[in-house]
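Enquirer: Questions regarding the structure given below will be posed in turn.
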Amino acid sequence: MFSHLLKPAARSAGLLGHVNRRYLATVHTNTAREIPKPSRKPTPISLENATFTIKNGPIFSGKSFGAKANISGEAVFTTSLVGYPESMTDPSYRGQILVFTQPLIGNYGVPSSARDEHGLLRYFESPNIQASGIVVQDYALKHSHWTAVESLAQWCAREGVPAISGVDTREVVTYLREQGSSLARITVGEEYDADEDEAYIDPEAINLVRRVSTKAPFHVSSSLGDMHVALIDCGVKENILRSLVSRGASVTCFPFDYPIHKVAHHFDGVFISNGPGDPTHCTSTVYNLRKLFETSQLPVMGICMGHQLIALAAGAKTIKLKYGNRAHNIPALDLTTGKCHITSQNHGYAVDPTTLTSEWKEYFTNLNDQSNEGLIHASRPIFSAQFHPEAKGGPMDSSYLFDKYIQNVQRYKDHQSSFSEKSNKPSPLLVDLLSKERVGVHPAQPDFEMHVPGRVEQVDVGGPVAPPYQPITAAA
């Protein structure tokens, strides 16, 4: 059936009987990084061997269909049936090898990098693949969808991301479920000593948020309203920005360690985004949020990593889950209404609700493992969700949380405008920010580096800040 796709050497070696959808191909790289023209032709097959090795665990052999690169990271799994382009570009997956439980991946190809009326990516959650590598059981040689412009194999090769097929992902997930998320490695076309510790780099030991956060403030305008929200970018998804601007809030995004409490008075609300890794690495963000809570009455909302950072700023603690929650169908109970919502989730840490002070209450709880899924302040307009109400992909059951936040922001803005002495003239800071172009996040690298790239320096807010933040230069 697939004999016309095999290399001559493979055909003469009698390998045809062993070839099916799971044995995938090496793709030609697009050195100019241009999106190719739409094509439904099957990707040529290469029988290059690849290995997926779990540290101190099983070794799986398969076939490479992505970049020829060796990487290591934390092996995690998602049970989502669809949405692999969104998942792979989600900054929360930075440093992780993503195992898909859905047996057939790649059947609808990869869409273009088209942008919507707000200048946001329509089909991706960031400009580049953020996962270190992917593991699938079967890869579809043929893809078909009206938005597709290239195959999953071509995309992975162009982005420098290794991918392996022909792996029994059921066995992988069973192991990870019982043993917990583990360090792992993908190797393409060569052998190595899997017992060497240096073959595995632990991304949890790195401040991953620093790698995916914007390097300088940028602005996304909304023509649908006059609210203005400051967003702390810990690795924000495009659909979070879209969920805010489509509701009439212009958004100014700041680096994760920006001293937001020093500029909060310029805004009508503060939002803390999702992000990858261990939240305890973000010590300066926690410090800045704590100062914000002490000096401001602004409405605040956090999602995923933002939820955890709010909890840490409030004095609570976080815990690492055994294998995390990564799916589009996880039930979360709203403790204020008793209603259950099906939610999209992607996190490996959770807030320990037993460490909350009396000012904070649980908002949501996970009905699968009883972990905390949200917080709400007893008297102030501050709340958070561990899951993703913006979905992309996933159900939209909880999208009303954005409506609730926008209502809080509008109420605060209306209250502030009732004071005649409040000036409506834009501050020099905001005038400066409106002229800034967005600085994209760095794409995932084939091998994880301990080196942290330098930050672009822009706006000086002055005054003492929490280490390790380094003030940025320019007039405020």
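Backbone N, Cα and C define each Cβ position, glycine as well.
Okay, these came from Swiss-Prot:
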- 1-24: transit peptide (TRANSIT)
- 228-415: domain 'Glutamine amidotransferase type-1' (DOMAIN)
- Cys304: active site, nucleophile (ACT_SITE)
- His388: active site (ACT_SITE)
- Glu390: active site (ACT_SITE)
Enquirer: Can you tell me the mean pLDDT for the domain 'Glutamine amidotransferase type-1' (228-415)?
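Expert: Within the domain 'Glutamine amidotransferase type-1' (228-415), the model's average pLDDT equals 96.
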Enquirer: So how many other Cβ atoms are close to His388 (active site), meaning within 10 Å of its Cβ?
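Expert: Other Cβ atoms within 10 Å of His388 (active site): 25.
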Enquirer: How many Å separate the Cα atoms of Glu390 (active site) and Cys304 (active site, nucleophile)?
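Expert: Cα to Cα, Glu390 (active site) and Cys304 (active site, nucleophile) are separated by 11 Å.
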Enquirer: Reduced to three states, what secondary structure does DSSP give His388 (active site)?
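Expert: Assignment for His388 (active site) reads strand.
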Enquirer: If you skip the near sequence neighbours and keep only those at least six away, which residues in the chain come within under 8 angstroms of Cys304 (active site, nucleophile), Cβ to Cβ?
Expert: Ser92, Ser273, Asn274, Gly275, Asn346, His347, Ala385, Gln386, Phe387, His388
Enquirer: Helix, strand or coil at the residue listed as 'active site, nucleophile', per DSSP?
Expert: coil
